[in-house]
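Peer 1: A single structure is presented below for examination.
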2 protein chains.
Amino acid sequence: MSVTAPQGFRAAGVAAGLKSSGALDVALVVNEGPAQAAAAVFTTNRVQAAPVLWSRQAVADGVAHAVVLNSGGANACTGSDGFLDTHRTAEHVADLLACSAGDVLVCSTGLIGERLPMDRLTAGVDAATAALAADGGADAARAIMTTDSVPKTVVVERDGWTVGGMAKGAGMLAPGLATMLSVLTTDADASAEDLRAALRQAVRTTFDRVDSDGCMSTNDTVVLLASGASGRAVGREELTDAVTAACAVLARALVADAEGASHDVAVTVVNASDEDAAVAVARAVTRSNLFKAAVFGNDPNWGRILSAAGTVPVEVAPFEADQVDVTINGVQVCRAGGVGEDRTLVDLAAQREVRVEIDLHAGSATATVWTNDLTHDYVHENSAYST
Amino acid sequence: MSVTAPQGFRAAGVAAGLKSSGALDVALVVNEGPAQAAAAVFTTNRVQAAPVLWSRQAVADGVAHAVVLNSGGANACTGSDGFLDTHRTAEHVADLLACSAGDVLVCSTGLIGERLPMDRLTAGVDAATAALAADGGADAARAIMTTDSVPKTVVVERDGWTVGGMAKGAGMLAPGLATMLSVLTTDADASAEDLRAALRQAVRTTFDRVDSDGCMSTNDTVVLLASGASGRAVGREELTDAVTAACAVLARALVADAEGASHDVAVTVVNASDEDAAVAVARAVTRSNLFKAAVFGNDPNWGRILSAAGTVPVEVAPFEADQVDVTINGVQVCRAGGVGEDRTLVDLAAQREVRVEIDLHAGSATATVWTNDLTHDYVHENSAYST
């Protein structure tokens with residue numbers, strides 16, 4: 001049910017001809033209230049697509065009536081003309097829904113550096129509006145897919161209220177530039193301020209810790225809409241908990257569907273001095289091509305893990321290299337910075353999921369970052385996408 | 001002639017059985033004076049191999065009589081036993097050369113997490129000492145190769161004095177952990193202080209700007225030895241100029257020999273606010289797997305270049321995303337952050353070298369970072385190396 005699982009939402013996904021395949025490519029999610037509170041987080045890339053520039057402004061007042069999303073084109077690096085295209089799209093949706101354009105958020109995903117075919121997109125918005133339905137969440141989730149092999153949706157039920165969500169992309173999934181889009185909905189009654197706090201906290205520990213290939217998109221957007229239709233007033237803590245649970249499911253689904261990948265790798269750093277230190281070390285390992293290629297080869301090459309950890313500046317993550325332990329799938333292959341258990345005891349071929357634990361012996365903080373292995377198929381897909 | 005091109009040096013390379021192939025694997029370079037000034041730079045990885053820990057101490061006084069190098073084992077993550085192995089190696093060389101162990105530098109390259117076979121290494125040192133010759137530079141250059149397909153050497157002639165050098169590895173070249181080793185020699189008469197300044201400056205603009213896969217080794221070492229045998233007192237500026245020229249040749253040779261690579265890519269940032277900003281932007285692009293995979297696919301995907309540039313924090317490199325131009329092999333495919341010339345005009349398949357120029361329009365500083373494309377063979381080699 002995705003974004004239409006909570007009360008107060010309708011959605012649709014239609015084929016507007018933006019994708020040459022004829023697949024669904026325009027999605028619309030409408031919040032029918034009674035409340036229309038909203039929050040969003042965006043890519044921190046300094047090269048920001050037109051829809052990101054637009055939506056950041058539009059959501060600043062904490063109100064959004066609808067989100068229109070398209071696959072088949074990112075509308076990034078398209079200059080002021082591209083921005084006008086986004087503006088026109090929002091205005092067209094606003095006309096159809098009889099709301100203000102400033103309450104319509106826009107998300108796009110696909111190749112960058114190309115204008116959107118506005119005639120098709122506009123006709124697609126018409127069709128999506130006509131198709132809006134209380135069970136339209138599934139179609140909407142399909143319409144935002146690019147190279148995703150399955151739509152990603154989630155429903156988190158709480159006592160009398162619900163969080164629903166959909167997502168596409170991430171890292172290897174989206175060779176066009178790794179765009180990740182997600183729309184979350186809830187029928188909780190919550191302030192925009194609480195939505196913002198909950199979303200920021202949720203993203204920080206979920207989507208921000210999926211690092212499939214270290215590349216940051218121009219279009220990444222996560223939106224959270226609250227209708228209040230359940231009549232339940234929900235506090236910030238409860239809200240954060242449910243939104244985090246929903247984001248965690250979607251983030252894990254993105255890693256699991258990374259095309260070209262043969263392993264999902266969870267790198268957990270334990271006993272770090274603080275959470276930032278744990279994240280920094282985990283991220284350094286998840287960004288090491290040598291480590292990721294070794295995982296592809298089913299090689300428990302702990303030296304590459306240690307070496308990647310060693311690139312993190314001491315002021316970011318204090319630890320002593322000769323105290324670090326590394327455990328891969330339960331086998332402590334590195335102990336105190338040197339050789340531990342026999343590495344041949346580690347079987348990476350048996351399953352897709354790989355668990356790496358790095359014990360820094362420098363404190364008590366923990367963090368996990370997910371990534372994928374570096375494979376022939378990753379190289380193939382990312383070298384062949386736009387040509 | 002490599003390291004034996006300048007006067008006052010002898011060298012050798014022998015097969016000690018560290019490599020299962022039977023190829024040369026132990027090298028020795030001896031400075032016969034009259035001076036024995038030395039300087040070195042080492043990896044900044046916090047996980048440092050035993051020979052790095054040793055050599056850093058040994059060279060601190062600005063004096064070195066010899067450098068012993070082995071391939072076939074990195075002696076990294078081997079704990080205090082590994083450090084004793086390095087110490088014993090230096091002492092054995094010192095005994096044979098009748099000098100102090102503290103004047104013998106040690107370099108190792110190969111797999112990490114494994115002890116060196118000290119009996120073979122010691123026998124190899126005996127053989128290398130016996131084989132020392134004024135034309136031994138070529139053998140020494142061969143003995144430090146790992147997956148290098150050719151030895152890398154350089155000779156820079158100046159007015160009455162010479163700089164010689166050899167190098168191995170870098171990025172894709174050395175899947176064992178990307179170790180880069182280089183020994184440079186000169187018969188100039190120069191102080192250790194001037195050698196240090198010259199080497200630091202030379203490395204900063206050459207080896208430090210080769211970023212084949214973004215991975216930093218536990219063993220990287222560059223050594224500069226001066227014999228003074230030419231009788232020419234050389235000032236710091238002249239010395240820096242010659243050493244930089246030598247390092248530039250070797251660095252370029254490393255990129256050209258990157259196994260698994262099908263393109264060498266020079267990313268030049270122009271009109272940056274300062275040199276650090278130019279390097280930061282160039283490095284972000286050379287570390288983008290999406291960009292590197294696109295180059296492998298002969299795809300002039302400027303969106304991935306712009307997007308990688310956009311990940312650099314504004315305080316590091318101030319620029320406006322909508323002012324950036326990108327030129328690939330002479331074709332300005334991106335102008336003012338948007339579409340420029342027709343990208344199909346760029347032919348990446350015609351030659352191995354790719355030239356990317358990014359104009360930030362934010363100042364007047366320039367820097368170039370070299371990298372390679374991300375290929376099937378890179379993945380293959382780095383997934384199959386140690387298993």
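Cβ atoms are placed via backbone N, Cα and C, with glycine included.
The model shown is predicted, which means the values in this text are computed figures rather than measured ones.
TrEMBL lists these features:
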ACT_SITE  A:Thr179  active site, nucleophile
BINDING   A:Thr146, A:Lys168, A:Thr179, A:Glu259, A:Asn382, A:Thr387  substrate binding site
Peer 1: By the criterion CB under 8 A from chain B, which of the recorded positions A:Thr146, A:Lys168, A:Thr179, A:Glu259, A:Asn382 would you report?
Peer 2: A:Asn382
Peer 1: Return the count of C-beta atoms lying within 10 angstroms of the C-beta of A:Asn382 (substrate binding site), excluding that atom itself.
Peer 2: 30
Peer 1: For each of A:Thr146, A:Thr179, count the other CB atoms within 10 A of its CB; which of these recorded positions has the top count?
Peer 2: A:Thr179
Peer 1: Of all the binding-site residues here, A:Lys168, A:Glu259, which one's CB has the most other CB atoms within 10 A?
Peer 2: A:Lys168
Peer 1: Say you check the Cα of the residue listed as 'active site, nucleophile' against those of the binding-site residues A:Thr146, A:Glu259, A:Asn382; which is nearest?
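Peer 2: Among A:Thr146, A:Glu259, A:Asn382, A:Thr146.
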Peer 1: Quick check: in three-state DSSP terms, what is A:Lys168 (substrate binding site)?
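Peer 2: The three-state answer is strand.
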